Every structure is written in C-alpha cells, then in structure tokens.
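One structure below.
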Number of protein chains: 2
Amino acid sequence: MEGDSSLLEEATAGPKLEVGEEGGDLENNTLHQPLLKRNRALSSNPLALVGAKVSHIESLDYEINENELFKHDWRSRSKFQVLQYIFFKWTLALLVGLLTGLIATFINLAVENIAGYKILAVVRFIENKRYLTGLAYFTGANILLTLFAAVLCVCFAPTAAGPGIPEVKAYLNGVDTPNMFGVTTLIVKIFGSIGAVSAGLDLGKEGPLVHIGCCIASLLAQGGPDDYRLKWRWLRHFNNDRDRRDIITCGASSGVCAAFRSPVGGVLFALEEVATWWRSALLWRTFFSTAVVVVILRAFIEICNSGKCGLFGKGGLIMFDVSDVVVTYHVMDAIPITIVGILGGILGSLYNYLLHKVLVVYNLINQKGRIHKLLLALTVSVFTSVCLYGLPFLAKCQPCHPSAREICPTNTGSGNFKQFNCPDGHYNDLATLLFTTNDDAVRNIFSSNTPEEFQTASLLIFFVLYCILGLVTFGIAVPSGLFLPIILMGSAYGRLLGIAMRSYTKIDQGLYAVLGAASLMAGSMRMTVSLCVIFLELTNNLLLLPITMIVLLVSKTVGDSFNPSIYEIILDLKGLPFLDANPEPWMRNLTVGELADAKPPVVTLCGVEKVSRIVEVLKNTTHNAFPVVDERVVPPMGLATGSTELHGLILRAHLAQVLKKKWFLTEKRRTEDWEVREKFDWVELAERDGTMEEVAVTRDEMEMYVDLHPLTNTTPYTVMESMSVAKAMVLFRQVGLRHMLIVPRYHEAGVPPVAGILTRQDLRARNILLAFPHLEKIQEQRKEALDISSQFSK
Amino acid sequence: MEGDSSLLEEATAGPKLEVGEEGGDLENNTLHQPLLKRNRALSSNPLALVGAKVSHIESLDYEINENELFKHDWRSRSKFQVLQYIFFKWTLALLVGLLTGLIATFINLAVENIAGYKILAVVRFIENKRYLTGLAYFTGANILLTLFAAVLCVCFAPTAAGPGIPEVKAYLNGVDTPNMFGVTTLIVKIFGSIGAVSAGLDLGKEGPLVHIGCCIASLLAQGGPDDYRLKWRWLRHFNNDRDRRDIITCGASSGVCAAFRSPVGGVLFALEEVATWWRSALLWRTFFSTAVVVVILRAFIEICNSGKCGLFGKGGLIMFDVSDVVVTYHVMDAIPITIVGILGGILGSLYNYLLHKVLVVYNLINQKGRIHKLLLALTVSVFTSVCLYGLPFLAKCQPCHPSAREICPTNTGSGNFKQFNCPDGHYNDLATLLFTTNDDAVRNIFSSNTPEEFQTASLLIFFVLYCILGLVTFGIAVPSGLFLPIILMGSAYGRLLGIAMRSYTKIDQGLYAVLGAASLMAGSMRMTVSLCVIFLELTNNLLLLPITMIVLLVSKTVGDSFNPSIYEIILDLKGLPFLDANPEPWMRNLTVGELADAKPPVVTLCGVEKVSRIVEVLKNTTHNAFPVVDERVVPPMGLATGSTELHGLILRAHLAQVLKKKWFLTEKRRTEDWEVREKFDWVELAERDGTMEEVAVTRDEMEMYVDLHPLTNTTPYTVMESMSVAKAMVLFRQVGLRHMLIVPRYHEAGVPPVAGILTRQDLRARNILLAFPHLEKIQEQRKEALDISSQFSK
C-alpha cells in the first residue's frame, strides 16, 4: 500500500508550486526571454517577471468565503474577540508606522554618515591637490558600496531590486507576486538601499521605502517571517487577503510619508497611485499610520539637531524647505508656468519611452546570469563616479558673493557653496550639485534667493548628466527609487528655464526648480493630487499651491497624450496581470459565454466525492477552485432527477487540507456540522499556504469518500452566460474576486450547472484579443479615438 | 374609442409621480408625522423628508444599460464625437469651478457689505449712547434679513433650507431626492444664504456653498433648468446618472474649496465625506475644478485688496491665517493636545445627540405650516440679535495694550479690538467676538500673539451663547451650514483651555482656538484627512499638521464611541435610504431567496407583449423595471418547450416611450434592428423624465403588440437565490445598481426564470429587520460588540 503514495507526491508537486510562496522562482526553466511570451490564449498558467526571474504568480481573493465552518466561526466569536480584533488592527497600524519611521531614520542616518565620511576623505585629497588619488578613492568606495548592494540583491533577494512600487500596486490590485514581502526582501531592501544611495548612484530611497513599509506590514500581519511565524490564534484572524490588503495599504502610505515627511501626501499617494480598492475606514487608518511616522521623524530630527547623529545634521531627512520665499505672482506668470508644464509633460513621456527601451535591453543582459548583473551594476557605478568627480573640474570657479546667507565656500557637510578645487573665496557651482549626496543636490538646486549661484553651463551639464544617469541607473540590480532621479532632472531644467525667463518674471529660480521637478514627476508618473500635496508638504510653502496645481494639470495632460505612466509601463513589462479600472469598449460585444467556450471545460466535483477523484483533480489541474455540484433532488420526496445543480465553490487549499487531515468517510453520505468542526479549525482553513509534502494516501483510502459540503463556499458570485465581458469585468474588479462562475441561462437535465469559471487572466484585454482576433480589428479601427478617450478619462 | 383613453391617463398618473421631478412634493398627503413611519416591510414605496416635506424619492442607476439601441449608438459614435464628449466633460468641470467661484465671491461681497453697513449704522447709535435705538435698529435689520431668507425658503424652495450636504451625500450614494438641484433651489440658496448670514444668525455659508456647487453642476450637465433645457444633441450625452454623478462630485468639491479656499481639502472632503463611488479619473477632474475656483478667488482677493469691493476688504473670503505663529512644541504638549481632542469628541457627540432632539421638535413645529416656520425663524433671529447686542454690555472694558499690533480700539471694519460702549483707549472683548460677522469673530478668536486679549468670563459667555445658538439655529427654514457654528463653539473652548493651560505650555492661545475648532468638527462630523487638510490650508501653517492630526484622531475616536456623525443622523432623520458601506453581520445568515419570498411576486413581461398588458402593468405597479422573459425555444428546430427563460430587464421609462411613440405591431413578431432605430433615438431613451400626459391609447391599439427585445437591457446583474444578503449588498453597492435580479438555482418548466428583484430599499438593514424580526434578536445579543466594531472600523 505504501508504494502508491508516490502517486500523490507527484500529485502534490503541482499544487505546491502554485500554493507555496517558496516554490515561485524558476531559475532553471526554459522561459529565458526578454519579455514574456504572449501566445497563450486565455491561459490559466500565469507567469510574470518577479525581480529578474520569470515566476508563477497567484491572484488574491477578497471574497467572503461563506462556508459552514467560517459561518460557525463568526457566530461563535465573542464580544471580547471582536474587541481584540479591532484593537489588534489598530495596533498593527501603529506598529507599521512606528517601524517604518524607525527604519527610514536608520537608512537616512546610515546614508548620511557613510556618504559623508566618504566625501570628507575625498575632500582631503582634493585640498592637497591629489586629484587622481581622490578619484581612485571616490570610485573605489562607490564600487564597494554598489557591489555590496548588488550582491545582496542578486544572491539573496532578486525581488528587492527596483522600486517595488509596481509590485505593491499589483498586490493591491489582487496579484500576489511570490517572495515580494518576505523578511529577506526586507533586509536586502534596507541594506541594499543604504549601499546604493551612499554609492552616489542616481537613485532614491523613496520607492524602496514604500516597499519596505509594505514588507513590514505584511510580515506583521502574518506574524513574522514564513518559517518562524507566531502561531497565536488571535494573530491568525489577520490571515486573510482582505485584512492584509488593508494593512499593506497602510504600509505603502507610511513609506511615502517616511520618504517625504508628508503624512497627507502619503495617504493620497496610496489612494491615487497604489490602491485599487478603497474605503473611508482605510483613509482613517492609513492616516493614523502616517501620523505615527511623522511623530517618529520629528523626534529624531530634534535629537539629530542637537548633534548626536554623527554627520547627520539638518540634512538627511529629505525636506526641501522653500518657505522663506515670498511668492508673488500675477496673471502674466501663467505663461512661464504653462511652459514648465508642457516641457514637463513632453520630457516625462519621452523619459518613459526611453526608459522602456533601456529596460528591455537591460533585461537581456540581466538574463545572462548573476555575473552579468553585477558587472552591469558596477559599470554604471564607475561611470557615475567618474562623472560626478570629473565634471566639476570643467566648471569655472565663481567668487563668493558677500551677501550670501550661507557660509561660502565650504568643504565639509552639506553647504550650498562647495570649494572643491577652487581657491579660497571662490566656489565651484557644479561641485555643489554633483559632489554631494542626492538629497543635498536637490536642496542646493532648490535653494531660493540665490539667483546668481549657478551658471547656465553648469546647469546644462548637470541636466544632461542626470538625463543619462536617470536612464541607465534604474534597471540595475539594486533597490532603486524613481522619485529622486526625476526630481533631479526636473529641477535642472526648471532652474534653467528660470534663468532664461529672468527678465520676464519675478518668480524665484528656486521655485522654478521646484516647479520643474513637479512637472517632470507629473509628466512621468502621472499623479496629480498626491504629488501636489507631497510638494506642498515638502516645500512647506502653501502659496505655491495654485501654481503647482496648474503645472501638474498641464504636464499630466501633455504626458497622457503620448504614453501611459511609468508604473503602468513597468507593470506591463513585467507581465503582472493588473486589472484596469475601465473595461475596453469592445468588451460590450462579447459575452462571458463566448469566453467560456474558448477555455477548456470546467472541472467540477460532486458534493460527496471519491478520494481518488480529488487526488486526480489536484494532480492534473492547476486551478485554484472547483465548482461543487450536487445531484438535484426534488425536496418533498427526495427523488433524484438525474440532473445537477450548483452547490458552491471549493478552494484547492481546502481540498489539500482534507487530504492532509485524512477526513475520509467509508460510505457515501452527508456529514453533520459537528463532525467537521471536530476535525477542522477555521484558522487552519484561513491559511493559504498549506504545503502538502507529508501527505500520503493509501490505495484503500483512495476508494473512500469525502463530504465537501461543509467546506464549500456556498455563495460564489455568478454571472449568466449572456452577460457582457465589460460588465462582468466591472463586477470582478469592484468586488475583488478571484473566481467568477458562469451559469447557463437555462438549466436542464444533462447540462452542467456551471458553464465556466473566469479568472483575472481571462478578463485581461490582451488575453481576450489573442483568443478572439476579430475583436482586434474592431479595436484597430477605433484605436485612435479610444486612445485619446482613455487617456483623457484617466 | 376616445373614451377609453382616460384609462391610460389614470395609468400614467402613477409613473408620472415616480418619474417626473416636478411630481415630488406631496404637500397635502396624509403623512404628517414628525419622523417617517417605519412599519413598511421591504417596501417599494420609498418616502423621505425632502426639505420639510415628505416626498417620493427615486434611486439612481449607474449600470450600463446594454440594449440594442445603446449598443448601436456606441458602435456608431465617431472619433469626433468621442473627442467632443471628452472636451465637453472638461469644459463642464471648468464651468462648475468658474461659476462656483464667482457665486462664492458674490455671496461674500454681499454679506460683507450688508452686514458691514448694518453694523456701521448701529455703531453710530452706540457712539451717541442711544443704546436702545441701536438695539431696535440691529434687531429690526436682522429680522428683515431673516424674513427675506425664510420667505424665500418657505415659499419657493423648501429644499434649500439646511446645509444640503446630507442630500448631496445621498445623491452620490444613489438616492435622487426631488427638487434638490433645480434652478429655484439654486437661486433661493444663494440669496437665502446672503440674508441668513448677514442677519448675524449662527450659521455659515459653507454647507450651502457645497449645495450651490452641486446645483450648478447638475444644471450645467442637464443643459439648464427643467423647463428651458438646451436640447443640443451633444449635451444629451451627459444625460445619464453616471456622468451626472461625476460632475456633481466636482460641484461638491468646488463648493468646499470656495468656502474654505482649500482646493486639496475640497477634493478630499468630496472623497471622504460625500462620495460613495470614486475612481482616480474623478480625483483628477475634481482637482481641476477646485484649481479653477482658487484662481477665481485669488483674482477677486487681488481686486478687493485694492479697495474696489465696498466694505469688503481683507475680510470676507474666510481665511484664518495663523501662519505668523512660530510653533514650538515638545513631547509634553501631547497632554494638553490630547485633552483638547477628548473634549472635542465628548462635546461633539453631545452636540450631535442634542441637535437630534432639537431637530425632532423643530420638525413638529415646521409641520404645522408656513406661518409656524416663519415664526420659528424670526424667534431665533430676535433671540440671536438681542444676545449679540446685549451681552457685550456685561463685559468689563479692557485698556488697550500699547504693544498691540492692530489698531485699538476700532469701531469700523473688522478690527480685533472693538470699542463698542467703552471709553477711548479701551476695548470691549466680548463685542469683538459678538458684535461682528461670524467670519470676523472666528478670525478674532483665532488671533495669535494676543494672550491677554480675551477675559475668561467673556470667552465663557461666548461659548455658552454659541452652544445655545448652535442648537436652536440649525433647524430653521433658511440655508444654514454647520461648519461655522461648530468652529465658533470649538474655538471658544479651545481658547479657554489655552488660558487654563497658560502656565504649562508654550503653544499660542490662538492655536488652541484652532485646535478646539478642529476637535469639535472631528467630534461632530467625524472627518479626518479632509478636515486636516482644510485646516492646513485655512490656517496656512504646515507646522500645525502633526498636532492637528493627533487632535483629530483622538476626537474622532472618542466621538465614534458615542454616536454616529451628524450627517448620518440627519440622513437617518430624513429617512433617505442611504446604503452603508458594510453589510451587517447577520446578513450573512439570510439568503436573497428568503428576501424575495417576503416580497410580492415579480411582475414580468413577455418578449413580445400585448399593449393592454403593458398599460395594465404601468397602471397597477410602481416598479421602475420589469424582467422580460421569453419562451424557451430549442435552437436547432425552433421547438417551444413550454418553459421560459430570462431575456433581460426593461425600464419603466422605456415602456412609457413605447406607448408615447405608439410603436405597436399588428401581429406578434420579432422586429428588425433598423425598425427600432428608425423609431427610437437613444438620446430620447437616455432621458429619465419622460412625462406621459399626452399619451392616449385607443381600444384597437390595446389589442396590438410590442416587441420589447431591442429596448431590453440584456445583461442585468443577477444573483442566485442562495446568495447571502451580505454579499448581494456588497455587489449592489459596489457596482452601483438600481435593480438586481434574483435567479433560481435550477430552472424547470413552470418555474419562472426570475425569483425576485432587489432594490435599494430591500437591502437596507432596517427594512429587512422589520420583515424578519427574528434576526433582530440575534442583532440585540451581539449589538454591543458590533456597535463597537462598526464604530472602530469606520
């Protein structure tokens, strides 16, 4: 009898791959291709680029599973348990804010100190005119730091590379990318960020902070890392997709808040850019998290201002205060403001376009293996270092202006007038921008009341350099945020425009830099309200609000007329099955019945099913849920009619639990509620990731039966086969489903009560078009008009 | 033959009452009761208090109606039309912002000038010691102004009374209250607001401005007032509930923005407090509207600052700038801040409780007729006038401080140190707060760096007075906002607390007043993020943000543990069928099938139906949609099986159109698409309010047939009868439905293919509990725990 258990081990390999989080990365599979192949029509085998590898991904399920066990659990929950649950929810929000704030401070401290000591050491070489030694030291230090970050990313957590925001966005849309929120990812992200930012690479810690916030939230909600989870019962109340979604939203806003010290902006960022589902309750809880972050940051700023944080002074915690500028503007200023907006839109969409191309090429290089990844990162690092160190020598030394408010020249710390290679009493304006941390560079270029500080040539060099760096740096295998590169680029052309407009406008050049940065962000990331509030809180100047709004509106409109936002481009590049808010118009002409016909027939189970059939189904399919059908019995006499009716939907994970617990019946009968409750705990059923390795079913057991009724969700959402795909998709997305059953318009004997199951992949426009090419023709005809329509309605 | 047409006129009386906007108010009906009767189980006869009358209300329908005509329209829309539609959508958003901004400025100008001249005249009497004449003049002027506002409201637009925000909230939830967004309401609201605010009543123009914004939006979207609508074809593209919902959301945020000069706050207010459905596209468009409002307001402020607006100087446009305060606070300040928050929560919920009681009593008075309404308003006006004028005499005159930044004492304009009855060189601190416009009072009590200005006794009198006025003023028949009364109350106790804490804290007393106002608003209205941003933009001080957040969080939490928000209380009081976001837990134990059994059986129509049957159905029912069922035909041979299947759902309005157009067939047959398109225009079908007065059907025509297929929405959302009410409600609300069909689990010959129709009323917890009293028992048992749970999860 033992011999037969190998059958099942084979059988369980499938589910493990799908269910387990650790089975995700397929390093050695045959799918080595730059972009994912797109020739699967209505596939149920979802693959996506996660980190740099092609992985299986899973959908999340926000539906209320109404089976007997869960219902009983709800009924038996005491008042105390409800209170405990609420209390715990708020405690989690508090902890997420607290930890995100602490980690953000730690990253800031580390970056400021590492980069600070590095620059100080190089300055000493420069003071002694040992320029080449300085270059060697600078480049060497940067290579080491980059190597540290890249090795961490490449060897331990490939998913920690990049900003992580697209994956967070996908998660909140209902796409669970494996290994995205684990403890390794978190640690690598933290230390990788420190290394990469200290190395002076053209990337920010803002995107990674969002990812870090989400990792913390996810880990807290599941009670620790995968293998060492706390098994407290009350903690498990959170082990469902809906509660995790909420807490991860809190994490995302905390991350933005920690990055920009912008609590309201953080909440709005999560709302506008990241979250797919939203409700008032969430607004309130995310707000609480971000408030905690701000309190933590403020406390550390107070401590650090008293000089207890090493080199970390007023700098570090990114905050580009321009509040001391008296903003005066008139109707005529609308013209330069509109120009900034238009330029931002054009440059932003151009950046999106070029970055897309670069990422495709980088993907090809990264595919070749770990060494290639490391070499790519190091090449970029060397190039960056040489440019940052070498270019300032091209700039002409400027004499210090006697009226300057800040010390001039300085060589230590984060001053606005760097001496670099210049004689005393002079400063090097390009070194002020390049030979410093990115945060300081932004602060310097935003500096107001300094109209004569930067030469046009220096700003031009700065702009061109950061355009190149912004394109080549993002795709390398280190944690990298997009916010800061875009701010740097944008502020450069903003300030340049300010110089060009000098004679026409009274607006300060520092403000032009701010507006330039805002416009490029709107042109590339296409956010509006959240960006506006972030800039408001960042620059601490409310009078800027109206002109910021105009700039953002103009540049988003211009950008939208060229291409989608950078996050959408990355989502698409990675093949994450993100479900858009609006159905395509041609979806109205297709019914879900036609969609179901294009798919393989549904695999259904009986209410009381043979064990062998369950094993076979688990082995041969990769579906995550199966409709359970019953023989129809006419109630008064209990006569079987020979036809079937739908009982509900059972999840693969629950079937696995049944096999694991060996809850088998010797005869074919319905069970009582208490029998199930004795055997199963709803807490176990709420777990998504039940590994199945230790399951072995004997040949005798194969002939036994299982009563699936109590484990079946009796109220799955259904649509009739005549429903249009457009409306089915609205339902699917609005309610947050994973499976949607298609029922026939008319049931009769011989016709199965379920015509099909729709999943996320089936409702994606691209997949449908592959299965129904004639629709593409319609689409082509109307493409132009629709393009415009979809862009404007965004 | 003619004689028979009276039958139909009778028949159409029903639909007219339901469909037409003008048939709403039932002044003479028998439902004169303080609150609505609650003994209707699962009623399909929805009534609510609109203005002060009981009216029929209708639901809105956000579903995509997929019938042949609309589908054909979509297919035939050219690229130009799509662009036109988009362009027009943005033009509307622009116009809404523009007009709201202009009207807000007009109201401000009018109020400042009317109230200004009134006060100037009274001041002259006081200077001559003619105190009683002053009182008479003051009271007389106020009575006239109140009378003007009240007469407008009572005689022309009862719906213009009150703030209008609850009705806007209900509209965006899908409840169409009649006469709410008409042109009369708009005009009465504008002039009524001017009268009521100038009369010195304890009410604001902020709530009414939100309603005004929505009225403008609604009127623009439908092309003008009901009777004089522009009939441009392209304008009619907007004649659907979804586009109107979007534009009214823009109107609501523009209103808030105009009231507080807070563009981001306006958007967030609409998002957090008002809107039920939200999408990113809307964020972007509302933001555009509020940006326009801000530009308009700024332009007028510039004009008015140069003295061209009469008495309207820097005052008027409400803006309580406290940006010149240097905010320094430490960890220890958390204690007074928490106390402010707790007090705000307690007082806010107490205010909600008491206001509820007062409104019930006022309702009884208002029911008695127009004269009673007017008398009530005048009584409140006289009481207010006497208090505002008389109480300052109780205050001790204070000597002017030589270091005061403002002129002291003043008697004209909006100074901070009013002389009133005091000798030269002295000021009356209570007159500074009372004998002025409400906006100025807020500005004065928020004034910073004036720690010695107000005496404790004066503040106490101010606080008690405004507590009383805040309770008695809100329910009278004039346009009245809740924001300002709450700000006045809150600032008083905030400042009092500041005086009490003087020795412990360094926070300015003006800031305490601001925090007090914020806490009371959070305690009563339960908003968080939007309130925070509004206060941020209002006070122009970003450093206040963290402490404001803490205050708001604390007071909302405290308030939520006592009762729901004031808007929810008003919604409930008015009987508006607002659909909450979260289903009650006991709804999981009830299936929609059971719900359908408690309702009368569904009225269905055949695919090709006799005219007489349609007339009969329209006459005898008040339903707004009817399922259309077809005889089931087995496809290959065209054999009828004797059983029926669901074809779709047809709207009452479309049936009315059929009768109106007399689109009858002599024999029972299916029609071709082109036949329908010749007769019907989708534009006409999109109209909701087709009056039916001119329809007369002859006896011959009664025997003819109508093919309903092309007019039927073939893809209504359906749920199976085994679906739980909880999940059905989630679907209903998330997708924004008006009707949801219940289909049986198994169809067989003889069983109708539709088991029932669910509407908004059927899914309201209160109605279900009336029909299923045993569920109430479960609810009672779990009430306490759930109460807490629902409060915290908000």
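Yeah, the Cβs are placed from backbone N, Cα and C, and that goes for glycine too.
Curation does not apply to TrEMBL; its annotations are automatic.
Per TrEMBL, the feature region 'Disordered' maps to A:1-25. The transmembrane segment feature in TrEMBL is assigned to A:87-111, A:132-160, A:180-201, A:282-301, A:334-354, A:374-395, A:459-489, A:542-559. The domain 'CBS' annotation in TrEMBL covers A:712-776.
Here the transmembrane segment (A:87-111) sits apart from the transmembrane segment (A:334-354); fewer than 3 CB pairs are under 8 Å, leaving out pairs fewer than 6 apart in sequence. Here the transmembrane segment (A:542-559) has Cβ contacts under 8 Å with residues 322, 327, 329, 333-334, 337-338, 340-346, 348-349, 352, 511, 514-515, 518-520, 522-524, 526-528, 531-532, 535-536, 565, 792 of the same chain, all six or more residues outside its ends. Per DSSP, the secondary structure of the domain 'CBS' (A:712-776) breaks down as 25 helix, 12 strand, 28 coil.
Residues 89-90, 93-94, 96-98, 100-102, 104-105, 246, 249-251, 253-254, 257-258, 261, 263-264, 266-267, 270-271, 275, 309, 317 of the same chain sit 6 or more residues outside the transmembrane segment (A:282-301) yet have a Cβ under 8 Å from a Cβ within it. Confidence for the domain 'CBS' (A:712-776), expressed as mean pLDDT, is 85.
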